[in-house]
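Participant: Here's a structure for you.
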Amino acid sequence: MSPRSARLARLSRSVTFSACHRLHSKSLSDEENLKLFGKCNNPNGHGHNYKVVVTVRGEIDPVSGMVMNLTELKEFMQEAIMEPLDHKNLDKDVPYFSEVVSTTENIAVFIWDSLQKLLPQGILYKVEVQETEQNVVVYKGEETIVK
């Protein structure tokens with residue numbers, strides 16, 4: 001049998017968390033916030049059952065047959081997603097969102113940044129956050145270049 005070249009694969013795992021938030025920007029007036037965010041600007045907030053799919057990418061280890069141990073990925077997701085976000089008021093309980101509007105886009109960035117601190121370097125491929133069945137954000141760590 002001839003030696004095989006390294007094989008790359010993507011591995012995904014999902015979790016679901018419940019949280020409430022209010023879409024409100026401190027940079028806008030109350031009227032502007034209401035116009036921009038509509039009912040999602042309700043002063044009492046509103047909630048979602050978010051589904052998060054985390055995808056890692058890497059070589060399939062020839063000994064273990066895995067890109068990553070799923071038990072470790074589960075533990076990292078627990079620490080980066082479930083502990084800080086599940087059953088929380090995002091705007092009041094998560095310091096990151098005290099200055100950042102708690103949109104699904106920014107939730108995806110928060111999760112990406114949190115996972116980057118825990119996962120082996122270069123393995124995180126994608127974070128997908130489903131706010132509803134119709135509203136999904138995919139973040140792959142891209143940043144825009146300031147000109």
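Cβ from N, Cα, C; glycine included.
Those TrEMBL annotations? Automatic predictions, nothing curated.
According to TrEMBL, the protein carries these features:
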type	residues	note
ACT_SITE	CYS40	active site, proton acceptor
ACT_SITE	HIS87	active site, charge relay system
ACT_SITE	GLU131	active site, charge relay system
BINDING	HIS21, HIS46, HIS48	Zn(2+) binding site
Participant: Roughly how many Å separate the Cα of GLU131 (active site, charge relay system) from that of HIS48 (Zn(2+) binding site), to the nearest whole number?
Facilitator: 6
Participant: Taking the centroid of the Cβ atoms of HIS21, HIS46, HIS48 as the Zn(2+) site, which other residues of that chain lie with their Cβ within 8 Å of it, listed in sequence order?
Facilitator: ALA19, CYS20, ARG22, CYS40, GLY45, GLY47, LEU90, SER102, GLU131
Participant: About how far apart, in whole Å, are the alpha carbons (Cα) of HIS87 (active site, charge relay system) and HIS48 (Zn(2+) binding site)?
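Facilitator: About 10 Å separate the Cα atoms of these two residues.
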Participant: What is the separation, in Å, between the Cα atoms of HIS21 (Zn(2+) binding site) and CYS40 (active site, proton acceptor)?
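Facilitator: Distance between the two Cα atoms comes out at 8 Å.
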Participant: Test of understanding: give the count of other CB atoms lying within 10 angstroms of the CB of HIS87 (active site, charge relay system).
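Facilitator: That number is 11.
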Participant: Express the distance between the Cα positions of HIS46 (Zn(2+) binding site) and CYS40 (active site, proton acceptor) as a whole number of Å.
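Facilitator: Here the two Cα atoms are 7 Å apart.
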Participant: Using a 10 Å cut-off on Cβ-Cβ distances across all protein chains shown, tell me which of the recorded positions (HIS21, CYS40, HIS46, HIS48) has the largest neighbour count.
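Facilitator: Comparing the recorded positions HIS21, CYS40, HIS46, HIS48, the most crowded Cβ belongs to HIS21.
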